[in-house]
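As given in TrEMBL:
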TRANSMEM  12-34  transmembrane segment
TRANSMEM  54-72  transmembrane segment
TRANSMEM  79-97  transmembrane segment
TRANSMEM  103-121  transmembrane segment
TRANSMEM  142-164  transmembrane segment
TRANSMEM  176-195  transmembrane segment
TRANSMEM  230-247  transmembrane segment
TRANSMEM  267-284  transmembrane segment
TRANSMEM  296-319  transmembrane segment
TRANSMEM  339-358  transmembrane segment
TRANSMEM  370-391  transmembrane segment
TRANSMEM  397-420  transmembrane segment
Amino acid sequence: MSKGVLPLYYSPLTQVVLLGLVCLCCPGMFNALSGLGAGGSMSSNVGLIDSANGALYGCFAIVGFFSGTFTNTVGVKHTLTIGSIGYVVYSASLWVYDRKQVSGFVIAAGVILGCCAGVFWSAQGSIMMSYPEEKNKGKFVAIFWALFNVGGILGSVIALALNLENEAGGGVSTSTYIAFVIVMIIGVVLSLAIANPSRVARPDGTKVAVAKAMHWKKELKGVLLVWKEWRMLCLIPAFLASNWFYAYQFKVNTVYFNSPARALNDTMYWTLQIIGSLIFGCLLDFQGLSRRSRGLLALTILFVVTMAVWAGGFAFQLTFDNGSDKPIGWKDEEFGGPFILYMFYGFSDAIYQTYLYWLMGAMSNDPSLLARYAGFYKATQSAGAAIAFGIDAVSIPLRWECLICWVLVFVSFPLILLVASRVSETNMNDENDSLSSKSIDKKIAEAKDIY
C-alpha cells in the first residue's frame with residue numbers, strides 16, 4: 001500500500017485516535033461533569049443527580065446487553081454518532097436545570113443517555129479491541145484511554161477556570177454547562193469522520209475483520225451465546241465493580257471539598273487515569289514474556305495497587321461521615337492527603353479497566369463477538385453503577401459505601417485470575433474463520449439447548 005494521507009487515515013491507529021477524540025468530547029466530558037460531584041451543581045442536588053444517574057445506568061444496563069446486535073446491524077460508525085447525541089442531551093438538561101430548575105428533564109435525559117451510551121460503548125469496544133494486531137492490543141487500549149481521559153481533564157480545567165472565585169460549597173457557573181455542551185457537539189461531528197471498517201487496513205496491508213450483518217434473530221442468539229461463555233460469566237464480579245465506586249468517589253468529592261478543590265481533584269483524577277493506562281498498556285504488550293505471563297504479572301501488580309488504594313481510602317473515610325462542617329479548599333492544611341488519595345482512585349480505576357479490556361481482547365479477534373463482549377461488559381458495569389447510585393441516593397454512611405466498593409473489587413480477583421491463567425498466545429483463527437455463516441450456525445446449534 002502506498003504511503004500517503006489516505007492510507008494513514010485508514011490505519012487502525014488513526015481510527016482509534018479518532019475514536020478517542022470522540023470519547024474525549026462526549027463521555028470524557030460527561031465524566032468530568034460527574035466527577036465535579038452532583039453534576040457540578042450544589043451539593044444539595046445530590047439526590048436529583050443520583051436519581052438521574054440511577055435511570056441512566058439502569059437503561060444503560062438493559063440496552064447494553066443487546067447493544068452488540070444493534071452495532072453489528074447498524075455498523076460501528078453510525079452507532080457512534082447515534083450514541084454520542086445522548087451526551088449532548090444530558091449536558092443540556094443540566095444547563096436547563098441550572099436556569100429553570102426543571103428536574104424532570106434531567107431524569108428524562110438520564111434515560112436517553114442510558115440508551116445511547118449502551119450502543120455507543122459496544123461500537124467503541126468493537127473498534128478498540130478488534131482493529132489492532134494482537135501484539136498491540138494493550139497499547140491501543142492505552143492510547144484510547146489516554147485520549148478519552150483528556151476529556152475529563154479538559155472538562156475539569158474548564159470548570160476550574162470558570163469557578164476559581166467560587167469558594168463556597170455551591171455549584172459551578174452557568175457558563176460551565178454551556179462550554180460542556182459545545183464540546184460534546186464537536187464530538188458528535190467528529191464521529192462522522194470515523195471510517196467504515198471495510199476501508200481500514202493494518203500497516204502490513206491486511207484488512208481488519210469486518211462484522212457481517214446477520215438476520216436479527218441470529219444476532220439475538222449471538223447475544224445469548226455470551227451468557228454461555230464461562231470466561232465472561234467469571235468476569236461478572238469485575239464488571240460490576242468497575243464503575244460501582246464512581247458514586248462513592250464523586251460523593252466524597254462533593255461533600256468534602258469546595259468547588260475549586262473539586263475541579264482540581266477532578267483534573268488530577270483523570271490525569272492519573274492517563275498515566276495508569278499508558279503504563280499498563282505497555283506492560284501488557286511487553287514482548288519479552290508470553291501473553292499469559294504478562295497477563296498474570298499485570299494482574300499481580302493490579303491486585304497490590306488496588307488493595308493499597310482502597311485500604312487508604314477506608315482509613316480516610318473513618319475520619320468523617322456524610323457531611324463536612326466546612327468544605328475543604330486547596331489552601332487548607334488538611335487538603336494534601338485526601339488530594340493524593342483521590343488521584344490514586346483515578347490511577348487504580350484506569351489500570352483495572354485497561355486490564356479488563358485487554359483480557360477481553362485476548363479472548364477473541366472477532367469484531368462481532370467483541371461488540372457483544374463490550375456490550376455485556378458495559379451493561380453489567382452499568383447495572384452495578386445503577387445499584388451504587390441507588391444506594392448513594394438513600395444516604396447510607398459513606399464508610400459502608402467505601403467498604404462495599406473495596407469488597408467488590410477484592411472478590412473479583414480470584415475469578416479474573418481463573419480467566420487470565422487460560423489466555424492463549426494467539427486467536428488468529430478467530431479473525432479468519434469465526435465470522436463465517438457456517439461458524440456462526442455451528443455455534444448457535446451447539447448452544448441451542450439454552451433457547
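Every residue, even glycine, has its Cβ placed from backbone N, Cα and C.
Curation does not apply to TrEMBL; its annotations are automatic.
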* Apart from its near flanks, which chain residues at least 6 from the ends of the transmembrane segment (54-72) lie with a Cβ under 8 angstroms of it? -> 79, 90, 107, 110-111, 113-115, 117-119, 121-123, 126, 211, 213-214, 216, 219-220, 222-223, 226, 243, 368, 371-376, 378-380, 382-383, 385-386, 389-390, 393
* Asked: Under 8 Å, at least 3 Cβ pairs, sequence separation 6 or more: does that hold for the transmembrane segment (370-391) versus the transmembrane segment (176-195)?
  -> no
* Could you pull out which residues elsewhere in the chain have a CB under 8 Å from any CB of the transmembrane segment (142-164), counting only those six or more residues past its ends? => 13, 16-17, 19-21, 23-29, 31-33, 35-36, 40, 124, 128, 172-173, 175-176, 179-180, 183, 259-260, 263-264, 266-267, 269-271, 273-274, 277-278, 280-282, 350, 353-354
* Within-chain partners of the transmembrane segment (267-284) [C-beta distance under 8 Å, separation at least 6 from its ends] -> 28, 31-32, 35, 137-143, 145-146, 149-153, 156-157, 160, 294-295, 297-298, 301-302, 339, 342-351, 354-355, 358
* What residues in the same chain, six or more past the boundaries of the transmembrane segment (12-34), come closer than 8 Å to it by Cβ-Cβ distance? -> 40, 53, 80, 84, 87-88, 90-91, 94, 113, 117, 120-121, 124, 127-128, 131-132, 140, 143-144, 146-156, 158-159, 180, 183-184, 186-188, 190-191, 193-195, 200, 202, 208, 246, 250, 266, 270
* **Folded-back contacts onto the transmembrane segment (103-121), same chain, C-beta under 8 angstroms, at least six residues removed** => 26-27, 30, 39, 48-49, 51-64, 67, 70-71, 74, 79-80, 82-87, 89-90, 92-94, 96-97, 374-375, 378-379, 382
* Okay, the transmembrane segment (230-247) and the transmembrane segment (176-195): do they have at least three CB pairs under 8 Å, pairs separated by 6 or more? -> no
